[in-house]
Amino acid sequence: MDAITLWQRYQDWLYYHEEIGLYLDISRIRFDQAFLEAMKPKFDGAFRDMEALEGGAIANPDEQRMVGHYWLRNPELAPTPQIKQQIIDTVNKIETFVAKVHKGEIKPPQAEKFTDLLSIGIGGSALGPQFVADALAPDYPLINIHFIDNSDPDGIDRILQRLGDRLKSTLILVISKSGGTPEPRNGMMEVKQALLNQNLHFRDQAIATTQIGSKLYQEATSQGWLETFPMEDWIGGRTSEMSAVGLLPAALQGIDIHALLQGAKTMDIATRQPDIKTNPAALLALSWYAVGGGRGQKDMVILPYKDRLILLSRYLQQLVMESLGKEKDLEGNIVNQGISVYGNKGSTDQHAYVQQLRDGVPNFFATFIEVLRDRQKPSPEIEPGVTAGDYLSGFLQGTREALYDNQRDSITVTITEVNPYTVGALVALYERAVSLYASLVNINAYHQPGVEAGKKAAAQVLELQHQGLQVLRGHSQGISISDLAAKIDAQEQVETLYKILRHLAANDRGVELSGDPSKPAQLIAKWR
Ligand SMILES: O=P(O)(O)OC[C@H]1O[C@H](O)[C@H](O)[C@@H](O)[C@@H]1O
């Protein structure tokens, strides 16, 4: 296509939302009118699915759950008065609690006020709060946020070291919908211990966001933690940013949660339109389908040209991949669906992997996120008449063009500035695009059966460790790894057992391994 035809295509397909100040450009996705016509019946179905979902249908059939994240920003939509009230009550509870914390009315026993917030959670209980904190927290927030989002002891140490003496004025927030995920549980146990080491008590500084009745809920209420905030059954982790999961940490940092909710609500109205061309989420879903043949054949590379949006790709990685990456469709056919998502930020990535994007394997499409306003204050000139922001803008345009010229498609989402309102809108835009795309490819976007397999396997490894150690302890002589495996009837898990022992040996946990490390079958294990 020549430049003038492309300019026309740009204008023909440009979506603009005046109130949000958001542009969506899908002109650099190659599809034609025939494709659009062919997709219309599928979209009609997807719009019907969305209407049913928002009306309270069991949109997650495997788990027999409703899917209600759209109600969070517009409680009027909730299917029952009770749910509506729950949503309103939770926001009120958050605001009351946060106001008291900021004023020092809720305070730690050994300090005037809480200075820091340590958020312990993983997956959907971390990625949204991390993205929003990085994008929106003021430079000098009322409360500084830190995250433990893993079971990595060294990672936990780093956070605790950074907090140092301020641990006594740190509010600890444990977020887990299920209340039984091992990683946040481990983080919580370690932080409890760290507090005890300073003669502090967890319950005096702890709050939780979890489902009512969960293990975590029971612990928090029975031990008298400062407060608990509910997470409802009908909110999925990866769509929980507008629930207490995201709102509470945001409000504690001084981020305007009403603007966040309002941005999402406004976007929801736009993405509810049952018309492809005037619905930005439908345009995204259409583009994803067009580039990947409805089979996720191309990866989604997210390139925000704005440092404070660097975590958007990680946030979207879970939202898209955990929602769309499914083995079976709704009828149980094996389909192995999904779209891979990765990215960091421009122009930084132009000096890293964009080389491959331009010239290498064409297995992706790019999504540029452009922010029109460079900064709050005027920019100095780097060269006569040119600012750093002009460069950034030029790099984006240049990369988009260079990719397109080499048959690499892209989408560009443009917002005026990064603020709670536009971030709320972006979150809502992608949530809906994922919902629509899932309908187009006929999968359940709201369960994650694959995640369970990894959890079960990990539990088996720990059980094997337990059994192996029991035998090793009662064995005064050294024993080969295969004999040890035979003794616990785990010949088939000999490799796993070897790795368990190697890990324990590396951590002075009573296991000694002797022999040549490059010949694992010949190693002798001994308890000392
Ligand atoms: O909030 P939690 O129940 O602790 O779950 C945390 C995360 O872990 C799970 O394994 C799921 O894959 C995620 O969707 C979820 O967000």
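Placed from the backbone N, Cα and C atoms, the Cβ positions cover glycine too.
In TrEMBL, annotation is done automatically, which means it is predicted and not curated.
Database features, via TrEMBL:
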{"type": "ACT_SITE", "residues": "Glu322", "note": "active site, proton donor"}
{"type": "ACT_SITE", "residues": "His351", "note": "active site"}
{"type": "ACT_SITE", "residues": "Lys455", "note": "active site"}
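Summarising the environment of His351 (active site), the number of other Cβ atoms within 10 Å of its Cβ, over all protein chains shown, is 9. In this structure the C-alpha atoms belonging to His351 (active site) and Lys455 (active site) are separated by 37 Å.
For Lys455 (active site) paired with the residue listed as 'active site, proton donor', the C-alpha to C-alpha distance reads 15 Å. Note on Lys455 (active site): other Cβ atoms within 10 Å of its Cβ, all shown chains, come to 11. According to DSSP, Glu322 (active site, proton donor) is assigned to a helical segment. There are 22 other CB atoms within 10 A of the CB of the residue listed as 'active site, proton donor', with all protein chains counted.
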